[in-house]
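Annotated features in TrEMBL:
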type	residues	note
DISULFID	Cys145-Cys177	disulfide bond
TRANSMEM	12-39	transmembrane segment
TRANSMEM	51-73	transmembrane segment
TRANSMEM	80-107	transmembrane segment
TRANSMEM	203-228	transmembrane segment
Amino acid sequence: MAVEGGMKCVKFLLYVLLLAFCACAVGLIAVGVGAQLVLSQTITQGATPGSLLPVVIIAVGAFLFLVAFVGCCGACKENYCLMITFAIFLSLIMLVEVAAAIAGYVFRDKVMLEFNKDFRQQMRNYRKDNRTTLALDKMQEDFKCCGAANYTDWEGISSMLKGQVPDSCCINVTKDCGVSFHVKNIYTEGCVEKIGGWLRRNVLVVAAAALGIAFVEVLGIVFACCLVKSIRSGYEVM
């Protein structure tokens with residue numbers, strides 16, 4: 001039995017929210033992939049609470065997309081079981097998101113410690129491993145930094161000559177520009193603090209997006225429950 005009256009409006013709004021869920025899902029996956037790419041270049045020593053967060057974000061995004069599909073099918077067919085499933089799964093996603101947010105806050109300092117430790121380890125492997133060399137060079141060029149704390153960290157690296165830094169530390173990168181360099185021609189700030197600052201600046205954006213997603217999810221649960229109640233009432237009338 002088709003829903004009538006005000007429930008038609010609720011059903012339409014639910015369709016709009018389902019489109020928003022799909023957009024949120026794609027956004028979460030993009031954020032997770034971006035965070036994973038950054039952390040994969042800096043945290044290399046196995047799975048840690050900090051390094052697992054991007055995986056959780058990607059999984060939540062993919063699951064949210066699947067749940068949105070279930071909700072769309074349920075609303076289209078006005079299927080009681082599918083709408084109940086949609087509401088339950090959406091509630092579970094909210095719980096996972098809250099848990100991930102708490103974990104991100106709790107382990108924020110641990111992530112930076114891991115980053116600092118692994119960055120210094122990769123510095124010791126510079127020129128010994130091509131993948132490590134490319135990753136460090138890219139980070140130093142992208143974030144306009146040099147070394148972990150500052151450019152002097154390269155003095156203790158065995159693969160570097162005395163008074164030399166990687167060419168990627170140079171403001172204007174040219175071949176061998178890091179040999180017998182002048183301080184004014186290189187980036188002197190460390191990458192750990194630079195990248196940490198970048199992460200802190202983006203935390204507010206991520207937090208605002210998370211609040212927006214949570215608000216949309218709450219509305220989705222409310223509208224789903226209203227539609228479920230209407231569908232159930234229709235069955236009872238029949």
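Glycine too: its Cβ is placed from the backbone N, Cα and C atoms.
Any TrEMBL annotation is an automated prediction that lacks curation.
Long-range neighbours of Cys177 (disulfide bond) (same chain, six or more residues apart, CB within less than 8 Å of its CB): Asp167, Cys170, Asn185. Sequence-distant contacts of the transmembrane segment (51-73) (same chain, six or more residues past either end, CB-CB distance under 8 Å): 14-15, 18, 21-22, 24-29, 31-33, 35-36, 39, 43, 79, 82-83, 85-86, 89-90, 93, 96-97, 100, 103-104, 107, 111, 114, 220, 224.
On its own chain, Cys145 (disulfide bond) has Met139, Tyr187, Glu189, Gly190, Cys191, Lys194, Ile195 as residues at least 6 apart in sequence with a Cβ closer than 8 Å to its own Cβ.
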